[in-house]
Amino acid sequence: DRLVQLSNPNVATMKEDILYHFNLSTGTHDFPAMFGDVKFVCVGGSPSRMKTFIRYVGAELGLDRPGVDYPNICAGTDRYAMYKVGPVLSISHGMGIPSISIMLHELIKLLYHARCSNVTVIRIGTSGGIGLEPGSVVITRQALDACFKPEFEQIVLGKRVVRSTDLDEQLVLELMQCSVELSEFPTVVGNTMCTLDFYEGQGRLDGALCSYTEKDKQAYLQAAYAAGIRNIEMESLAFSAMCSSCGLRAAVVCVTYLDRLEGDQITSPHEVLAEYEQRPQRLVVYFIKKRLGKAR
């Protein structure tokens, strides 16, 4: 069994570990009893989306019970929401690298304290596509920064620390095979660009500030496409780097809401976006069912 490990020797010496943003603590909660059976962790930006997802998981795995709701395990805080059914944990991470990195620090420690083994972590989300039909699903081969580099840079104690953003290649292949078997929507494997901002950082022309032209934007996005980038979001760098550093198998599966080569604003009707949003969920749940021997 591949137990979850930390890349921090200090935690093992602590008498109590308070996961402040989850409102959980090793001193007040029995982590192995609560989470020891977790094999799949799915994370996404919105609390409501992750609750909808856990209901879907419960129904698909045959674990749903009529009239029983899924309580928010982190109900004592308004930072994140966490839900569980069987071996699946569903957690919101908010928007952007700072928010997801805080969540991941506490999630990985939670899995460590629970003595979880053989855990797969998948980010399911939305993104802007590059050269793809809206509604396409992108399985990330490699997370790249805004300069197209496969690295996550942080300043730690005043010094530049760079971590690799490699994702599990076998997991990418498994997920792509699942999409082929589902045959419900277009899916590609490509690089994902992660930015620190939704507007200027992604080359949009419609923010409160803009210091470049449409021609500049198109040149940048075409260069991104040439670098194998097929979508843009705001969390994959931290997600891939942190999971890799702690030896967790991880993947990023995002649907595209629009083709950024064609425009900046999301104009599809709500019902269309709602259906797009379900596509990564359907793919990942099929993957989980297949892993558990419950796929059709």
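Just so you know, glycine gets a Cβ as well, placed from its N, Cα and C.
Here is what TrEMBL says about this protein:
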type	residues	note
DOMAIN	39-289	domain 'Nucleoside phosphorylase'
BINDING	R79, R123, I124, G125, T126	phosphate binding site
BINDING	Q202, R204	substrate binding site
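Taking each Cβ in turn and tallying the other Cβ atoms within 10 Å, the top scorer among the binding-site residues R79, R123, R204 is R123.
Using a 10 Å Cα-Cα cut-off from R204 (substrate binding site), none of the binding-site residues among R123, I124, G125, T126 qualify. Residue pair Q202 (substrate binding site) / T126 (phosphate binding site) shows a Cα separation of 14 Å. Model confidence over the domain 'Nucleoside phosphorylase' (39-289) is summarised by a mean pLDDT of 96. Of all the Cβ atoms in the protein chains shown, 20 others lie within 10 Å of the Cβ of T126 (phosphate binding site).
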